[in-house]
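Notes follow the structure.
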Amino acid sequence: MDSTILIKLSGESLANKQKSLAIDYELVRQIGSQLKEIQNLGHKILIVIGGGNFWRGTSAAKNGINRNTADYIGMLGTVMNGLALDSVFRDLGIKTRVLSSMSLDPRICEYFVREKAMKYLEDNNVLIFVGGTGRPFFTTDSAATLFASEMGANIILVGKNNVNGIFDSDPKINPNALRYDKITYNQVIEKNLKVMDSTAFSMARDNKIKLLIFDIKEKNSISKLIKRQIKHTEVY
């Protein structure tokens with residue numbers, strides 16, 4: 001098996017609120033161990049990381065901070081998360097490259113150039129994309145579908161916090177909500193179900209990228225998802 005997958009991680013998935021940790025390094029190590037297993041199955045791995053454990057641009061904008069500025073602060077939060085992933089993954093013996101949509105000091109991380117990124121990927125590096133799209137008013141969901149499209153990934157794993165798929169109603173409110181095992185892009189639109197923001201969702205649909213929605217908080221969920229051993233929703 002030889003395919004390229006992109007894993008969309010929220011910043012919150014790295015946090016441990018009970019321990020008041022913005023980044024729980026034990027959780028990051030668990031993610032890294034799963035990546036090694038996935039690489040051994042022949043997959044090439046891309047990661048897009050959010051920054052919500054540090055900052056949420058939309059919330060800050062509502063409290064009086066200029067939306068452009070708020071979003072750029074959020075992008076810097078993704079850089080912090082990406083560097084944390086990079087450090088832990090390297091300690092686990094995983095080859096990684098942190099690539100930014102924004103121009104930063106090269107001592108911090110590299111600016112994304114597709115040709116170089118493809119070479120790193122061929123050399124079996126896990127690529128960690130930070131900085132979102134590099135522009136305000138776009139979410140990291142949009143960054144995920146953008147990088148998946150550019151890098152030729154055919155699957156995006158969308159990790160949610162304590163929600164193991166797409167439901168016909170909010171499972172946190174309705175205990176009888178039904179989870180979809182599989183659903184088409186058109187059905188999601190017709191039923192007005194929330195998966196990603198509309199820009200990201202449209203890009204994934206147009207580029208025929210399969211989405212797998214799963215609970216990132218479930219133990220070993222990423223490696224289990226690759227083997228289809230946990231509950232999830234497939235959007236195709």
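Glycine too: its Cβ is placed from the backbone N, Cα and C atoms.
Among the candidates Gly51, Gly93, Gly159, Gly165, the residue that Swiss-Prot annotates alongside Asp71, Thr133, Gly134, Arg135, Pro136, Phe137, Phe138, Thr139, Thr140 as binding UMP is Gly51. Annotated ATP-binding residues in Swiss-Prot are Lys8, Leu9, Ser10, Gly11, Gly52, Arg56, Phe167, Asp170, and among Asn161, Asn176 the one listed with them is Asn161. When the Cα atoms are compared, Thr139 (UMP binding site) and Asn161 (ATP binding site) turn out to be 17 Å apart.
In the structure shown, the C-beta of Gly51 has more C-beta neighbours within 10 angstroms than that of any other entry among the binding-site residues Gly51, Gly52.
Looking only at Cα atoms, Phe137 (UMP binding site) sits nearest to Gly52 among the binding-site residues Ser10, Gly52, Asp170.
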